[in-house]
Number of protein chains: 2
Amino acid sequence: MGGSEAGDDSKDSKPKGNRGISFLDFIMRIVAILGTLGSAIAMGTTNETLPSFEQFIRFKAEYKNLPTFTFFVVANGIVSAYLAVSLVLSILHIVMSGARITRVVLIFFDTVMMAFLTSGASAAAAIVYLAHKGNARANWIAICQQYNSFCDRASGSLVGSFIGVFVFLLLIILSALALSRN
Amino acid sequence: MGGSEAGDDSKDSKPKGNRGISFLDFIMRIVAILGTLGSAIAMGTTNETLPSFEQFIRFKAEYKNLPTFTFFVVANGIVSAYLAVSLVLSILHIVMSGARITRVVLIFFDTVMMAFLTSGASAAAAIVYLAHKGNARANWIAICQQYNSFCDRASGSLVGSFIGVFVFLLLIILSALALSRN
């Protein structure tokens, strides 16, 4: 089924297309590192203390108060660390663009990390949504009415994480494409 | 980098290993269909009406009351429908085990659907966790204390969905392996 225009299958074959793909892979990993690290820092450093006349609920809102946000910070931290380490393999693929096994290994870890990041981002998104809208049926109040700036930071921090998920999707496809052309 | 024990690269080459992988792919898609469809049905049909003496909160608890649970049901429904359709390509790969382009296409859609399913499952898990534990700081009460059977069904329905995520992970790796051996 097509796609095998580079007919040779010697180990050191370096089809130009795959080198381009490997370079794109490297650039996109940098983008994903910025996204996930930014998300971890944005969520990890946000906090808001309400003025004392607010008697209804009084607390210093930070990510540690919500286990889901803690999970989000940890997931983004681990994924950005993984991405930094994976740059080594990415560089290796630029040099040895005919590599196969290491690409399969990379697809495996990329897929695991994508699932982990998607999990953290979606769980946090569910809680952010609840914080904004509340849920009348469950008597869960929209805490964003009190904690505006905390909620804004928490919502904003989701963006980098979802960019990371999208980049992982592209990375996995690029690796599969490179494999199919080897 | 190794892995090219089947030396020929003709289009119709049918390495035995790839046929085995394609067959495993087919079986695992069936498992994932059962998991995701089961999850959609389990969450979609659960409801609990509290006896009328319960005055504190009175409502018929069902998935429609929580947007995250609605997303969960929709995501699982769409993913199980996709999996059913993808069986066609899976069968094609058993017959034509040297296929490349269709494997890349399958990796693409599998990855997208995996992210979608992980998103639905994790968002629902975040809400289920909140329903069980509540959050004192945000004044969100643990509604599971009132809605025991609703919560049990909702928690249980997560299992099939996470099995689906795990199967997708295996499917993507198997496809990558098959590609690397072509």
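Heads up, the Cβ atoms here are built off N, Cα and C, so glycines get one too.
Predicted automatically and left uncurated, TrEMBL annotations should be read as such.
In TrEMBL this protein carries:
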DOMAIN    B:19-166  domain 'Casparian strip membrane protein'
TRANSMEM  B:21-43  transmembrane segment
TRANSMEM  B:69-92  transmembrane segment
TRANSMEM  B:104-131  transmembrane segment
TRANSMEM  B:158-179  transmembrane segment
State the non-local partners of the transmembrane segment (B:21-43) in its own chain: residues 6+ outside its ends, Cβ under 8 Å from one of its Cβ atoms. 63, 69, 72-73, 76-77, 79-80, 83-84, 86-87, 90-91, 93-94, 97, 117, 121, 124, 153-154, 156-161, 163-164, 167-168, 170-171, 174-175, 177-178
Per DSSP, the domain 'Casparian strip membrane protein' (B:19-166) contains 114 helix, 8 strand, 26 coil
